[in-house]
Amino acid sequence: MLELPALGWQSIVIFVVFALSLLIATYCTYAERVIAAFLQDRVGPDRAGPYGLLQPLADAVKMFTKEEFFPGGANKVLFVVGPCLAMITALMSSAVIPFGNTMSFGNNLFFLQGIEVNIGMLWIFGVVSLGVYGVMIGGWASNNKFSLLGAVRAASQNISYELAMGMSLIAVLMISGTLSLREITLQQSVAGEWQVWNIVKQPLGFIIFLVCAFAETNRTPFDLPECETELVGGYHTEYSSMKLGLYLFSEYVNIFVVSAVMSVLYFGGFNFPFQYELRDWFVNSQGWELASAQNLITLLGTVGLFLKIFAFIFFFMWIRWTLPRFRYDQLMRLGWTILIPLAVFNIVLTGALILFGVI
Amino acid sequence: MQLTNRAKVLEKKPMTLAERAYLPAIFQGLSITMRHFFMKKATVRYPEEVRPFSAFFRGLHVLKRDEQGRERCTACGLCAVACPAEAITMVAGERKKGEEGLYREEKYAISYEINMLRCIFCGLCEEACPKAAVYLQPDKMAPPRFERDEFIYGKDRLVEPVSPDERSVKGIQLTPEQASTLRARIV
């Protein structure tokens, strides 16, 4: 019987996940600019390094060398705590996401996942809703009316859309019967059938979740907390230097995490089509051991999950450079009078379908 | 009050279900931006790529020499008169004995200055010149500089170089044989 690993493995995984989310967030800034440029018939940054690939480095140097500015009358402690909190909460939520199935080396079996907890979904929810504190505290501590307005907007927007998001997740919960993200992923991989991804069973729930994800990450068309045309810069108006960088970064980390959650909940996580056939082919035709074949499939699954995540990140950026911003009353109306009733309807529909044994 | 009969009465119709659902319109917008994603980009990567000038672009002036390398300009002042921006000044002088190889006519310009900050590159000087001496080059621009007086171009920068090999492509175009005979004559 294989032993579960010591805690050391998990800390390595956590460290890798941490580094990966930061790296991906870094290159999201580059991708955002290039995609924006391409959608507008331009070419984007191409001066720093081949194809401008060193642009994030140049941006980081710029951010670090700028002046640390504290506005007069600002609460210095909270002013620093705000961006840190935003970054911490953004990074924390990636700990429970299963980035891959199990790998086994000799007698050691370990998960490609930071922490396997049976309340993974609740953890993500808790941490993501903490994220609004970073924005709120930063906006409050700036002693600036635009920052405060942005912060207030962020708070009310996040609370409004968390309701619909939670309710769309309840429907997923009803068909999976567990809160563990690993369990939910594994349930979407019945041998030989990749069509059982949750998106097939929950198309309406997915759309609700997607819209709410845009609102939760403060992305266009719901980027009212930082809309530069109305509020200068929203909650980060007064921020400069790397504190501003942390805010911008945490937004991209949030996008990464939300994309990962969507891939796990609705698009089969680390499962990919014909994975079991591929494993059996390696074992039967190529004469591999079952363990090493499984390891290979796990790695391929991780690559697949990241491809799904990148596709979602691209979608986020694609949407951003396509749609204009909502007005604030439109945002609230969409959240409260359309998405929440739809989510409730989705719960009832899912319940009925389960009752009659359709899904 | 109705001024024309072209006014259209707009009827404010309630939105259909598809319109109220946002999603069809969003997909339409997404398809439009995706089309642009694959379109040819309008950007010219400047230092590496240069946008080609028009064939009749009017750029930096040049004072031409004739086939024997003599300055064509006789300082008649017609270009200065024609210039709407009053950018051209010149001082005329008389050709001395022994300078026949330098100046074509008996009168020539001792100094000839164009202020490139005043010049509007209209090309009227080129049209006014009876000696076909001043031209606006189609492939050169007055480059940016730091000081105002650096924009006043004197004869040192305006007159075409003597060496036939350095002749600009436009204007007098010499074959290699012509160039070598000309060089022999100058030396």
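Positions of Cβ are set from backbone N, Cα and C atoms, glycine also.
Because TrEMBL annotations are produced automatically, they should be read as predictions rather than curated entries.
What TrEMBL annotates here:
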DOMAIN    B:64-93  domain '4Fe-4S ferredoxin-type'
BINDING   B:Cys73, B:Cys76, B:Cys79, B:Cys129  [4Fe-4S] cluster 1 binding site
BINDING   B:Cys83, B:Cys119, B:Cys122, B:Cys125  [4Fe-4S] cluster 2 binding site
DOMAIN    B:110-139  domain '4Fe-4S ferredoxin-type'
- Message: Around the C-beta of B:Cys79 ([4Fe-4S] cluster 1 binding site), how many further C-beta atoms are within 10 angstroms, looking at every protein chain?
- Response: 25
- Task: Express the distance between the Cα positions of B:Cys79 ([4Fe-4S] cluster 1 binding site) and B:Cys122 ([4Fe-4S] cluster 2 binding site) as a whole number of Å.
- Result: 12
- Task: Summarise the model's confidence over the domain '4Fe-4S ferredoxin-type' (B:110-139) as a mean pLDDT value.
- Result: 89
- Task: For B:Cys83 ([4Fe-4S] cluster 2 binding site) and B:Cys129 ([4Fe-4S] cluster 1 binding site), determine the Cα separation and express it in whole Å.
- Result: 11
- Query: CA-CA, which of the binding-site residues B:Cys119, B:Cys122, B:Cys125 lies nearest B:Cys73 ([4Fe-4S] cluster 1 binding site)?
  - Reply: B:Cys125
- Message: My understanding is the cutoff is Cβ-Cβ under 8 Å with a sequence separation of 6 or more in the same chain; which residues meet that for B:Cys129 ([4Fe-4S] cluster 1 binding site)?
- Response: B:Leu78, B:Cys79
- Note on the structure: Nearest by Cα to B:Cys76 ([4Fe-4S] cluster 1 binding site), of the binding-site residues B:Cys119, B:Cys122, B:Cys125, is B:Cys125
- B:Cys73 ([4Fe-4S] cluster 1 binding site), number of other Cβ atoms within 10 Å: 27
